[in-house]
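**Student:** Mind having a look at this structure? Questions to follow.
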Amino acid sequence: MMCQKFYVVLLHWEFLYVIAALNLAYPISPWKFKLFCGPPNTTDDSFLSPAGAPNNASALKGASEAIVEAKFNSSGIYVPELSKTVFHCCFGNEQGQNCSALTDNTEGKTLASVVKASVFRQLGVNWDIECWMKGDLTLFICHMEPLPKNPFKNYDSKVHLLYDLPEVIDDSPLPPLKDSFQTVQCNCSLRGCECHVPVPRAKLNYALLMYLEITSAGVSFQSPLMSLQPMLVVKPDPPLGLHMEVTDDGNLKISWDSQTMAPFPLQYQVKYLENSTIVREAAEIVSATSLLVDSVLPGSSYEVQVRSKRLDGSGVWSDWSSPQVFTTQDVVYFPPKILTSVGSNASFHCIYKNENQIISSKQIVWWRNLAEKIPEIQYSIVSDRVSKVTFSNLKATRPRGKFTYDAVYCCNEQACHHRYAELYVIDVNINISCETDGYLTKMTCRWSPSTIQSLVGSTVQLRYHRRSLYCPDSPSIHPTSEPKNCVLQRDGFYECVFQPIFLLSGYTMWIRINHSLGSLDSPPTCVLPDSVVKPLPPSNVKAEITVNTGLLKVSWEKPVFPENNLQFQIRYGLSGKEIQWKTHEVFDAKSKSASLLVSDLCAVYVVQVRCRRLDGLGYWSNWSSPAYTLVMDVKVPMRGPEFWRKMDGDVTKKERNVTLLWKPLTKNDSLCSVRRYVVKHRTAHNGTWSEDVGNRTNLTFLWTEPAHTVTVLAVNSLGASLVNFNLTFSWPMSKVSAVESLSAYPLSSSCVILSWTLSPDDYSLLYLVIEWKILNEDDGMKWLRIPSNVKKFYIHDNFIPIEKYQFSLYPVFMEGVGKPKIINGFTKDAIDKQQNDAGLYVIVPIIISSCVLLLGTLLISHQRMKKLFWDDVPNPKNCSWAQGLNFQKPETFEHLFTKHAESVIFGPLLLEPEPISEEISVDTAWKNKDEMVPAAMVSLLLTTPDPESSSICISDQCNSANFSGSQSTQVTCEDECQRQPSVKYATLVSNDKLVETDEEQGFIHSPVSNCISSNHSPLRQSFSSSSWETEAQTFFLLSDQQPTMISPQLSFSGLDELLELEGSFPEENHREKSVCYLGVTSVNRRESGVLLTGEAGILCTFPAQCLFSDIRILQERCSHFVENNLSLGTSGENFVPYMPQFQTCSTHSHKIMENKMCDLTV
């Protein structure tokens, strides 16, 4: 049997560097790329010969070549096989096209791998590589997977990643040396290999150079050089907290938590699968942390995943988050449950699906408990599919068996689904709380009536029943109870005091609400005074910070009452206006002190203690009086102060004055005070010595040695600081320049940013010190100590824009202080920008001044604008009729806007052009006593005669009337009368001889007939030969001298005699009388015209239905229309029957006239 032994085929793949520039590195994309290596006959020429590379192998003769030997040992015979083949490795797509190799076209040199082997004559070696920066920006990861046709196995492969990360950013760096690359071992598994490269956060924007070395089955491969920027290939972590909910609008809201660790904004890609009546898959990219999916459908399921990426498009998409599934029911209620209180409002939304069909919101009806249909006025249509119902002023839910909620159903017009929403409405009962004082002498009970519904006319009262011992298991309202007087306090609570009390007796209490409709009792509660004790607070409370241990020690003494075991609670905090309290529990009843760990040992703490029964019954006592700690040293200072120096003297001389400056230690560093500072000096020749500077924060000494080291110590009452800062002054180190550049940019008057670059050196940089001051001023220098790895720093100070500042940056090494970089003023670009922005400071004041000027102009022209747009309201005091009126009295305005208090004279009213005739007759006596008229009568003819019936129709009422007298005549009238335009006439008749008869008769109320027939009336005969026949005839009666209202009683015979009087009026023996006028109105205003005015200002209207019906005039309140002994003269010159006059009446007379007099309107 022959055994064959295979020797390992060794492939050495050497990388050829073109030493032209660093741009030979291949810039990889921030996503997946592929590495192809293969013999010439496996791919086309484009794969084997990159752009700019020659196709023949003779161009590579100058390169060093590795020999691959395949050795077979068969039966102890060594058989070597040699063949030479040139292999190329490049990056490209899966088909091997557009394969890139790095060449230098100017010199014709190619970066390639030269390989001699016959084992890869037919197959190439290909890998799939992906690189990214981890989301927390701490680790750079490259993942490599072999393609399916790769002949090597991962488990037999060893992969190393070699990388170089420069120290500084430079546009034209030198080519990297091979020895400068660092090696990282990659972890390989069956699926692939993964390499981890740690990248400092400060170098994320630097160019990272790297390449891969792969060893498998004894064969080594080396990839081309790759270049990338870690910040551009960041792969964030998948979003967390993915959840979904249905909004009030019926949309599905997908939300997730934002990644707060990412230093840049992110975009998110949401992938969801909707499975409802149709299957829909969508992916959307958003910048917010939520996404609304329109029109959520009932009976659907949504599977959602989210991933993130940098918002600017660079970087790598994160992995998808874990899928979340959200399923909706056939009927969707949102929200499905509501818990609310009495009197509030609540709304439900619903989407109804029936047999794979969405019901329109217009067809949805709502039911409560499937027994009460909710009125449609409470419905609202949110969208075509979403319906809303609103409950206003909710009442308490009535329990139905075990159901303590109302079931709200969203139904179709034909049927309801079994799913429902739940509505909980809670009514809070009246809570009675009682507490017994610390001396165990009285019990105070409090309760609030706010939970009682507003009930008009109700009263509240506390009633109680005392049981001899303890409380019953279930307290109930006792039939014999006593009321307790309670007093309403300012806080709205009622307070009742029970004194004396029985500690072990049970007091059952309840609130009774008394109302006229009945009384209501709140649920009773039983109180045991011994179980509601509020103890007295602990006394003699002390607090202190212990020395060396640094603990807050609190001690107290327990109260005398009660005698039960007590637990204690301590609260403590930093003393100030707003104390942030912390609490500590002490359950040991015998304990009288406690020690607490505090963070600030040098602060003043305020401490209080309270107690309660250990078994939990009763209340906490009030807090004790506060106790305060004293600030004292508890430990030696934690460290010495940070310090810096200021140099004086000539820099060329060997002796210079050095002034040390340091900042006082804080309490937390000094623990808790500093009594003095000590400066230690160390030199090579003079040894070591110390100086005590007391509480000063500076010290000046003479620097004469080549190297002088100083240390500043802080000393308190317990000793000196253990950790201190050293500063070495060295002449050789003062010439070391480590700062290449320094720039200062003003951001505002209170902030300046400094940026710098450092040059590499052989010294160990400890930290940097920034100095700044006003240029050409020795005083006012300020300084800051910053870490050595910082490249820029924000200085916050009060910078004066017109001043020039000097900025200095000192590198501090272990060996001493290096040479500073000093700049005078800000960087030129920043100054130009400020000068360009100076125009803004000029434009803004101009705009503000213009606005102020415009506002002033508007205020000055306010009166003109007011007259232009609004009419000027006249001042009543400038009117003649308002002279002498006091507008401060309310009565003035009452008379002013209702009726004038005095007569207002108008000119004569112009009559319409119509024929006028008048006749005045005065009769002194009646023919017989029975026919006498007990009052003066004035006839006013206002109607038109009916040519057919020869009658006069006065009113719409057709009733016959008897004129009281010796004779009576039956009068008939027509129902309707045709009225024609006419002029009003009046006849004035006075009889002073009938006064006594009038007084004897008294007040007679006998209405005159509403209609007078011309066929039986003696008036027609009396007026047959006069001008009255041509006009309409109506009678108007006025009382004569009677203090009361008189309705005359007439007969036609007496009226006939009255009209036959043609005598003269006597003028002597009569005093002047006032006259009452009749108003004349247009015939077109017959229904509402004014007919009668008087001296007292009576303005009356005469409706047709009231003509000759109960006509009265108040004689003593208005002017006498006809006096008893009226004398107008025989000629009648002095009597003017028509003088239209509009006058006013007093308020009192006006009211009487309105109440007791009929309107006189035709």
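Glycine residues also receive a Cβ, built from the backbone N, Cα and C atoms like all the rest.
What you are looking at is a predicted structure, and each value in this text was computed from that prediction instead of being measured.
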**Student:** Among 239-247, 572-580, 896-904, 950-958, find the range that Swiss-Prot records as region 'Required for STAT3 phosphorylation'.
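**Tutor:** Per Swiss-Prot, the stretch marked region 'Required for STAT3 phosphorylation' is 896-904.
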**Student:** Pick from Tyr333, Tyr677, Tyr794, Tyr1077: which one does Swiss-Prot list as phosphotyrosine?
**Tutor:** Tyr1077
**Student:** Which residue, chosen from Asn187, Asn962, Asn1015, is annotated N-linked glycosylation site in Swiss-Prot?
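**Tutor:** Checked Swiss-Prot: the N-linked glycosylation site annotation sits on Asn187.
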**Student:** Which stretch, out of 357-362, 891-896, 1041-1046, 1131-1136, is listed as region 'Required for JAK2 activation' by Swiss-Prot?
**Tutor:** 891-896
**Student:** Counting across all protein chains present, how many other Cβ atoms fall within 10 Å of the Cβ of Asn657 (N-linked glycosylation site)?
**Tutor:** 12
**Student:** Other than its close neighbours in sequence, what residues sit by the motif 'WSXWS motif' (620-624), given a CB gap under 8 Å and a spacing of at least six beyond its ends?
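**Tutor:** Sequence-distant neighbours of the motif 'WSXWS motif' (620-624): 438, 534-539, 541, 556, 559, 569, 571, 608-612.
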**Student:** When DSSP is mapped onto helix/strand/coil, what comes out for Asn668 (N-linked glycosylation site)?
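**Tutor:** Going by the DSSP assignment, Asn668 (N-linked glycosylation site) falls within a helical segment, counted as helix.
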**Student:** In the motif 'WSXWS motif' (620-624), how many residues does DSSP put in helix, strand and coil?
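**Tutor:** When I sort the residues of the motif 'WSXWS motif' (620-624) into the three classes, I find 0 helix, 0 strand, 5 coil.
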**Student:** Please work out the helix, strand and coil residue numbers for the domain 'Fibronectin type-III 4' (738-832) from the DSSP assignment.
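**Tutor:** With helix first, then strand, then coil, the domain 'Fibronectin type-III 4' (738-832) has 5 helix, 54 strand, 36 coil.
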**Student:** Rounded to the nearest angstrom, how far is the Cα of Asn275 (N-linked glycosylation site) from the Cα of Asn514 (N-linked glycosylation site)?
**Tutor:** 62
**Student:** Based on Cα distances to Asn657 (N-linked glycosylation site), point out the closest of the glycosylation sites Asn345, Asn622, Asn686.
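**Tutor:** Result for Asn657 (N-linked glycosylation site): the nearest of the glycosylation sites is Asn686.
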**Student:** Return one of helix, strand or coil for Asn698 (N-linked glycosylation site), based on DSSP.
**Tutor:** strand
**Student:** Given Asn698 (N-linked glycosylation site) and Asn668 (N-linked glycosylation site), what distance in Å do their CA atoms have, once rounded to a whole number?
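**Tutor:** Asn698 (N-linked glycosylation site) and Asn668 (N-linked glycosylation site) have their Cα atoms 21 Å apart.
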**Student:** How big is the gap, in Å, between the Cα of Asn275 (N-linked glycosylation site) and that of Asn345 (N-linked glycosylation site), rounded to a whole number?
**Tutor:** 36
